[in-house]
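Annotated features in Swiss-Prot:
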type: SIGNAL; residues: 1-19; note: signal peptide
type: CARBOHYD; residues: N177; note: N-linked glycosylation site
type: BINDING; residues: H185, D204, D270; note: Zn(2+) 1 binding site
type: BINDING; residues: D204, E243, H352; note: Zn(2+) 2 binding site
type: CARBOHYD; residues: N229; note: N-linked glycosylation site
type: DISULFID; residues: C319-C323; note: disulfide bond
Amino acid sequence: MKFPSFLSLGIAASTTALAALPDQKPIGDTIADVHLGKFLIELAPGDTRWVTEEEKWGLKRDGRKFFDITAEVEQNLFPRAFAKTAVTFPTDLHRTVEVMPLAAQLSKDNMFSHLTTFTSFHTRYYKSETGIQSATWLMKQIQKTISSSPASNARVEKFEHPWGQFSIIATVPGQSNKTVVIGAHQDSINMFLPSILAAPGADDDGSGTVTILEAFRVLLQSEAIAQGNATNTVEFHWYSAEEGGLLGSQAVFSKYKQDNKDIRAMLQQDMTGYSKGTLDAGELESVGVITDFVDEGLTEFIKKVVNGYCDIPFVLTECGYACSDHASASRFGYPSAFVIESKFEHSSQHIHTGQDTIETLDFNHMLQHAKMTLGLAYELAFADI
């Protein structure tokens with residue numbers, strides 16, 4: 001996600017702390033460096049440049065967002081040539097009778113417990129050893145969630161990447177191959193020294209990670225979902241390397257496009273836990289529905305989901321080009337949407353630093369995101385889309 005407007009750590013303070021921190025030796029380079037160690041990034045449609053890795057972090061420190069499209073060059077992919085999947089979304093909610101009792105099972109305690117452990121890894125930087133360890137821990141929690149549910153056909157798999165940390169995909173088969181995707185990114189980063197300094201990443205995006213995990217747990221408690229009677233298949237994704245330029249999600253959706261996978265909708269949950277910025281601004285607590293670079297029809301339906309299943313309203317906000325993993329789905333022609341914790345300008349200023357800790361989060365607010373996620377997943381699982 002974005003970089004905070006203030007630089008509270010300070011380079012001098014960061015350097016002083018280095019000796020006390022564990023060694024985070026990078027696993028290896030990302031995708032092959034075809035330009036002498038540089039990477040091709042896209043900051044806006046058609047605005048590309050070759051940069052070093054340090055220049056990537058410098059851009060992010062300045063609040064610039066981008067795709068790292070080096071892999072497209074290597075694989076001769078041309079995403080803009082892909083036809084956009086045309087989907088007509090429902091005009092109203094049809095599953096409130098089933099969803100409301102499920103939503104009552106969502107647990108703040110579960111999210112707190114999972115996030116406490118998830119933020120205890122020194123960093124979840126995608127090229128670090130602890131980034132692999134955190135992904136391994138997360139995958140075990142997802143497998144436990146499946147094993148303790150009645151959904152015997154549900155499964156979880158690694159999606160491997162060359163940089164170390166893998167993405168994770170959990171699948172709940174339905175009656176068709178039409179697929180609804182719920183996503184979050186599991187990696188974290190400290191923008192001062194990514195491979196060395198602590199990056200608890202509680203809000204960005206530990207909050208989204210545990211929010212969709214809790215929605216996944218409760219979704220599997222539905223007898224109709226567990227028995228595979230939903231009209232559509234539902235997948236939950238936890239992406240690696242979002243902070244490096246949406247690398248993990250691009251790899252996933254590129255593979256899906258090459259495999260002709262029928263993705264009908266994708267919702268991203270990135271930063272779901274910070275409400276203080278909104279309240280400090282004297283505004284009502286709300287969730288932020290992103291309106292730029294998203295699918296209009298899916299976004300309109302999400303507004304109905306928030307109104308129907310959440311206890312707080314939505315506000316409309318923008319986050320810019322390539323601002324989270326939903327942009328990768330859009331890039332490869334799939335309808336996508338993004339809901340964040342607030343208006344973009346009121347979102348957490350602690351991210352990408354060592355201060356992005358669990359103490360800054362509001363788990364009641366995260367529960368609202370979990371309700372929205374569960375409601376959307378269930379509604380679209382049974383929708384004719």
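Just so it is clear, glycine is given a Cβ too, placed from its N, Cα and C backbone atoms.
A Cα-Cα distance of 8 Å separates D204 (Zn(2+) 1 binding site) from H352 (Zn(2+) 2 binding site).
Counting every protein chain shown, the Cβ of H185 (Zn(2+) 1 binding site) has 32 other Cβ atoms within 10 Å.
Each of the binding-site residues D204, E243, D270 was assessed for Cβ neighbours inside 10 Å, and the highest tally belongs to D204.
Of all Cβ atoms in the shown protein chains, 13 besides its own fall within 10 Å of the Cβ of N177 (N-linked glycosylation site).
According to its DSSP assignment, D204 (Zn(2+) 1 binding site) is helical.
All protein chains shown were included, and the count of other CB atoms within 10 Å of the CB of H352 (Zn(2+) 2 binding site) stands at 26. Taking the C-alpha positions, the distance from H185 (Zn(2+) 1 binding site) to N177 (N-linked glycosylation site) comes to 24 Å. Other Cβ atoms within 10 Å of the Cβ of C323 (disulfide bond), summed over all protein chains shown, number 22. Listed recorded positions: N229, C319. The one with the lowest count of other Cβ atoms within 10 Å of its Cβ is N229.
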